[in-house]
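In what follows, a single structure is set out as structure tokens and then discussed.
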Amino acid sequence: MVAYSILTLISLGLGSHCASALQYGYNQVPVHKDSDVVAGAFPPINGTHLQSPAFTTPGTVPRDFSDGKAGPTRDEIMDNFLRRLARSNGWMAYHEADFMSEEGRKFPYLYLSGTNSSLENPGSGKKLRVWLQGGVHGNEPAGDQSMLALLGEMAQNQQWTAKVLEKMDILVLPRYNPDGVFYFQRYLATNFDPNRDHVKLARQQTRDIKQLFTKFNPHIATDMHEFSAGRAFGPKKDVIYAADALFSAAKNLNIDEGIRQLSEKLFAKRMGKDIEAAGLRWDPYITQGDSTNSKLLLLEAGTDAKIGRNAMGLTQCVAFLCETRGIGIADQHFERRTLSGLVMAKSIIQTAVDNFDEVYNTIERGIDRFTHSKGSIVLTDKSPISARTFGMLNSTDGKLIDYPIDFASTTPATPVLTRSRPRAYLIPQSWTDVVKRLEVLGLKAEKLPYSYTGRVEALNVTSVAFDKEYYEGVVTATVETKLVEQNMRLPAGTYLLSTTQKNAALAFVALEPEYMDSFASFGIIPVSKGDQYPIFRLK
């Protein structure tokens, strides 16, 4: 077994298949539908009756969906569907967010509660809060369609829904990226990737949705996506992923270990069984790595905080990425794809209901344990590599095969660089923009009315290495520092950010310069070799 550094694994992943050069709008991927041989491995599932607009009102599906130039459900169709459900069900409340997309589109969402609780009045009972989102990438239509199918099924199966809502309140944001859906492209209207903006918070839309998420404060969060269907491997490029579904829990090691184990040992295991029971296939979410030999290297979902599932998980909740096989095949197998997403979402809900006390208590204890922890924080990690097989499909003859691979596992990753957990951070008033970003992430900072004089831990920059590529407006940097203790005087107005907060792990990944997605890495706090980093730590 060998180790593979996470810092070399940063990848846009299975959903990154995009046009080589971006324009304003309509950045659509080429369509390569499955051959008849491959399609035979993904037949319709008997007895499927999905209760979402693409299936209950097929006449509303645009013709361009079959050509891979549009999704199946326009905004107005989705909005009417949500409003109709809310009018017919007292446990369902329709809302429009008080912010708009980059091009001025609305964000409808539904709040589901059996006790009339809401964002403003969440109630005082012992209940789980579950956040479900889809449509982060606009060219992954089974993501938001599976959310609509879930809502439709809950409206149809009132008895099941009543049992669910005894244990939890649910917020469903079906369409995170309405501009991307309009253009049928992965990106926001500004061509930023919405699923890589969770720490740097470059776009206002990201900040607005993040604040809604923080206000809801979920115990469980799920992010619905699709992955590229036709990615081929092997010497003859005749081997493709066989899975209908790929999924991953949040992997960042700054998430409480008890919460991570709950995700892996309870939720992930149950999800795999539920997918198989539905007649579907699954594997862990992976991306392709650069192998040093002829063997295919697949990398399990990484630990980077800029990605949605890890950013959500760093609020100390159970968080899952759920992906279905769909990018690049337009409307092909859409019922099976949507069913795959629905099965995963229902599995998470049902697992939480069936194991309510264990889930609720483990998460609440994990939050308390993390908040008051004095353990070290993890800044870099690595993945052990081992040989295993992965479910593949031979595209020539349609046979399912167990394909030998090298697998870089993050369940769990192995810490490399750790650092003592600070009691607090001191942030000079001149860096108010940094404080505002941290507040969006759900953190609170106190503005000191007096000057601070005393011992601090300062970080002196010993190395800055820039990436070779331009990424979303910046050239990212890998920063190394040396920690030194010294006396410091900081003026009144300096911010004190205590780390005795539930969301403190988001401060760690943002403020510690060595972390791959830190504010220093993204140039929000620019540094050079020899500089003193302008954020200070208290022991």
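Heads up, the Cβ atoms here are built off N, Cα and C, so glycines get one too.
The stretch that Swiss-Prot tags with region 'Disordered', taken from the ranges 49-72, 361-384, is 49-72. Going through HIS32, HIS219, HIS225 against Swiss-Prot, the one listed in the Zn(2+) site together with HIS137, GLU140 turns out to be HIS225. Looking at the domain 'Peptidase M14' (71-352) alone, the prediction's average pLDDT is 98.
Comparing C-alpha positions, HIS137 (Zn(2+) binding site) sits nearest to GLU323 among the recorded positions ASN46, ASN116, GLU323, ASN394, ASN460. Of the candidate recorded positions, ASN116, GLU140, HIS225, ASN394, ASN460, the one lying closest to GLU323 (active site, proton donor/acceptor) when CA atoms are compared is HIS225.
Counting residues of the compositional bias 'Polar residues' (49-59) by DSSP class, helix then strand then coil, yields 6 helix, 0 strand, 5 coil.
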